Amino acid sequence: MKIGIIGFGNMGKAITDGIKSSNLVKPQDIFVFDKNEDKLDGLKELGINICDDECGVAKVADILILAVKPNSYTKLLEKIKPFFDKKSILLSIAAGITIEDIKDILGLDTKVVRAMPNTPASVLRSVTGVCFDENCNENDKKNTIKLLESFGVVYQISQEQMHAFVGISGSLPAYVCMFVDALADGGVFEGLPKDLAIKIAADAVSSSAYMINKTGMHPSVLKDKVCSPSGTTIEALRYLENSGFRGLVIDTVILASKKSKNINK
């Protein structure tokens, strides 16, 4: 199986790093192109193929991953159309670009997959949502999911649910990093060194998320288990509730989802 990746920004690099680290395919079966050649420094030494242009990637890929900005899609699809094998799978990771948008250019018989990974793909911890075009058979789905699972966990959802997935998971690493940084700043205010405070906050967030998945208990139940009568935690939660924390988080997801719906309009 040959994997092609067009676009080597943050997400393209994260996916490439994840695939390479997982050993799903050999480096010589990975083909990459980006207009900025500086981004590709060091890939040849790893055995990864650097193509001369987008069409070179499209020619050889069994699964072609488009990791470019949504506003670049139309021109890119028109450029690669003569070179893209309809037996191959086109995997789009762009918010706001629908399966129908892609098939309008490449043809109704194109096998299209939409996926929304996130940047923890680079450390094999992506949370990825995926939906399939009706042209994809069971083997296509199996191979695509295997590819996506090489750098994290995968949730198969409908295309209509993809916008909500963007708001919850696609953008979540940024939310969490901001949250961890803010927690660390609070720790600094109370006397901790910043580097230590960041590690403590990141580990605490990670272990709390792990506990939710491991126990299967509702987050609100686990939250209540931390709260003692008249204790420090309930005092902190009272402040968060009075400050509109819960509503702010809900609105954050809604706004990101709305942006995903309208990003290409």
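Cβ atoms are placed via backbone N, Cα and C, with glycine included.
Keep in mind that TrEMBL annotations are predicted by a computer and have not been checked by a curator.
As given in TrEMBL:
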BINDING   Ile6, Gly7, Phe8, Gly9, Asn10, Met11, Ala67, Val68, Lys69, Pro70  NADP(+) binding site
DOMAIN    2-96  domain 'Pyrroline-5-carboxylate reductase catalytic N-terminal'
DOMAIN    160-262  domain 'Pyrroline-5-carboxylate reductase dimerisation'
## Note on the structure
Confidence over the domain 'Pyrroline-5-carboxylate reductase dimerisation' (160-262), expressed as mean pLDDT on the 0 to 100 scale, is 97
### Task
Ten-angstrom check, please: count other Cβ atoms within 10 Å of the Cβ of Ile6 (NADP(+) binding site), all chains counted.
27
### DSSP three-state assignment for Phe8 (NADP(+) binding site)
coil
### Query
Which chain-mates of Asn10 (NADP(+) binding site) that are at least 6 residues away have a CB under 8 A from its CB, listed by sequence?
Thr119
### Query
For Lys69 (NADP(+) binding site), what residues in its own chain, 6 or more apart in sequence, show a Cβ-Cβ distance under 8 Å?
Gly7, Ala94
### Query
How many other Cβ atoms are found within 10 Å of the Cβ atom of Ala67 (NADP(+) binding site), counting all protein chains shown?
23
### Task
Could you list the residues of the same chain, at least six apart in sequence, whose Cβ is under 8 A from the Cβ of Phe8 (NADP(+) binding site)?
Thr16, Val32, Phe33, Asp34, Asn36, Lys39, Leu40, Ala67
### Summary
If we take the residues Ile6, Gly7, Phe8, Gly9, Asn10, Met11, Ala67, Val68, Lys69, Pro70 that the record assigns to NADP(+), their largest CA-CA distance in Å comes out at 14
### Message
Within the domain 'Pyrroline-5-carboxylate reductase dimerisation' (160-262), count helix residues (DSSP H, G, I), strand residues (E, B) and coil residues, in that order.
### Response
88 helix, 0 strand, 15 coil
